[in-house]
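S.K.: I have a structure I would like to understand better, so I am pasting it below and will then ask my questions one at a time.
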Amino acid sequence: MSKLVLVLNCGSSSLKFAIVDAVSGEEHLTGLAECLHLPEARIKWKLDGKHEAQLGDGAAHEEALAFMVESIIASKPEFAANLAAIGHRVVHGGEKFTQSVLIDETVVKGIEDCSALAPLHNPAHIIGIKAAQKAFPALKNVAVFDTAFHQTMPEEAYLYALPYNLYTDHAIRRYGMHGTSHLFITRVTAELLEKPVDELNIINCHLGNGASVCAIKNGKSVDTSMGLTPLEGLVMGTRCGDIDPAIIFHLHDTLGYSVEKINNMLTKESGLQGLTQVTSDCRFVEDNYGKKEEATRAMDVFCHRLAKYVAGYTATLEGRLDAITFTGGIGENSAPIREMVLNRLAILGVEVDVEANLKARFGKEGVITTANSRVPAMVVSTNEELVIAEDTARLAAI
């Protein structure tokens, strides 16, 4: 147990954590705190069986981290004794960070400086980093950036049609997120299809409270739906994704919204939350589709947007699409959403295997299209934690 890495993945409304052997890939502990900031905030973990505890109404990342360290890890003294390093998923590195780095005060400051580009995530990452440094002061911490995988995007994909000096002077461009997940899915899909990674063309749909699509050509990211920030692209839990930019001016000039109110609305009150005006939880939308108007409306918009992105990204792959892959909490578990999206892609020759699709959830992976489908669609469980553990072990020299 000499190369154990504690991996922390602080999302906008969740905290995934794991203790991973960076050599064997074995996970000794896995857990998820979810629905943070909501009344039903809870934490689940697997360690000598499955466990669950309520964190309290509105509990945030700090409470989840404290519970993890004081109640879960503390129950196994050998874990703390054998932890060699701590790896952190960081959503946005801007142009400051193009690869994983050892964390010091300068890196923390750099991550904080990028918070304007990921306002729901980077502040949560800082909380995780500082809590980890306090709990385990002798261990090295490593930051693994979601933006790194997308550094291979060509200029035509990452530039916005704005005055060019905004890029050269202020680095305003598309960066993309979920890169660690997109990288892992690329590797696994290549193995499943028995193709070399550098010959693989896929479109990967990472669907969770945050969601993005990535066009992967010859194993490298060539386009992705998130942009300068995680706000662009798909409909998400609380984020709007693509909108007409002029809506912002209309809200400000005509309706009198402040800039702060608009920013808060687009990042925290839109997406599924805004469309339902009930919740950001996709499970409510799925369970009530066809029963409640707000759920039906939200799911239709979500699937319409996603299918458009997948279809559009076929244009970046120069005539060959080896697979469409689904991952993330929604991608891995929502058979209805996958079916609705794939049915909208019939023009690509996609044909859903309804039975296989229904079975592919709760950790079960596999092909969810028929043998007649021109393009296979697959459910593949992501493992960002393993990628983070491997990078952490390398940089911490453990």
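Glycine residues also receive a Cβ, built from the backbone N, Cα and C atoms like all the rest.
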S.K.: Looking at Swiss-Prot, which one out of K3, K16 binds ATP in the same site as H206, L207, G208, N209, G210, D281, C282, R283, G329, I330, G331, E332, N333?
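M.R.: That ATP site, as Swiss-Prot gives it, pairs H206, L207, G208, N209, G210, D281, C282, R283, G329, I330, G331, E332, N333 with K16.
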S.K.: Would you count the other CB atoms within 10 A of the CB of D281 (ATP binding site), including those on all shown protein chains?
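M.R.: Taking all protein chains shown, D281 (ATP binding site) has 19 Cβ neighbours within 10 Å.
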S.K.: State the Cα to Cα distance, in Å, between E384 (Mg(2+) binding site) and D146 (active site, proton donor/acceptor), rounded to an integer.
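M.R.: About 10 Å separates the two Cα atoms.
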S.K.: Based on Cβ atoms within 10 Å, give me the single least packed residue among the binding-site residues K16, R89.
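M.R.: Each of the binding-site residues K16, R89 was scored; lowest Cβ tally within 10 Å is K16.
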S.K.: So among the binding-site residues L207, I330, who's got the most Cβ atoms within 10 Å?
M.R.: L207
S.K.: Are there residues of the same chain, six or more positions away from E332 (ATP binding site), whose CB falls under 8 angstroms from its CB, and which are they?
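M.R.: Correct list: F326, A360, R361, G363, E365, V379, V380, S381, T382.
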